[in-house]
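Working notes, structure below.
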Amino acid sequence: MTKRAEAKYKIDRRMGQNIWGRPKSPVNRREYGPGQHGQRRKGKLSDFGTQLKAKQKLKGYYGNISEKQFRKYYAEAIRLRGDSGDNLIGLLERRLDAVIYRAKFVPTVFAARQFVNHGHVKVNGKRVNIASYLVKVGDVIEVKESSREILIVLEAKQLAERDVPDYYEVDHNKMTAKITRIPLPADVPYPVLMEPNLVIEFYSR
């Protein structure tokens with residue numbers, strides 16, 4: 001197993017949940033966290049502990065976003081009009097690596113980040129190599145023609161584990177995607193329960 005895969009599955013084990021719904025997740029075989037103390041019985045979490053876990057799970061799901069960057073999403077979420085939890089999910093789903101993952105151009109969100117960073121993606125005809133780039137409604141996201149035969153892309157085309165959400169328009173022949181609206185948390189096909197309002201509460205303490 002690669003170091004990247006090990007880190008990914010360590011997140012699953014720490015959360016005690018298969019947060020991406022992957023068949024090879026270690027929590028499909030055991031229900032304790034990583035490390036020598038992982039098998040200890042866990043007591044009931046405090047409010048702080050519950051909020052912290054919700055934050056770690058959401059950060060982990062989107063590729064273990066850095067704390068500094070995640071806090072910026074919180075600040076923007078509370079600045080925008082409407083429900084802050086809804087706003088937080090909307091921002092995360094607009095990340096370019098999240099769009100590439102949702103469109104099924106690559107098999108994992110970790111692969112999506114690397115794919116974007118390596119310059120394989122265009123937005124409105126221009127190359128963008130920043131995974132955290134926020135896509136707008138109507139933007140056209142495209143896999144570069146020279147990158148469409150990369151093995152990881154070919155493998156992703158065979159995926160049957162997840163469907164493309166209805167807030168995207170995706171053409172897998174042309175390898176293009178477009179976000180048609182900003183999703184609400186209930187629209188996002190998370191394999192496990194995400195609680196963005198607990199994340200907002202965590203940072204609002």
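Including glycine, each Cβ sits where the backbone N, Cα and C put it.
What Swiss-Prot records for this protein:
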REGION    18-46  region 'Disordered'
DOMAIN    94-157  domain 'S4 RNA-binding'
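On the 0 to 100 pLDDT scale, the model's mean across the domain 'S4 RNA-binding' (94-157) is 93.
Under DSSP, residues within the domain 'S4 RNA-binding' (94-157) fall into helix, strand and coil as 25 helix, 11 strand, 28 coil.
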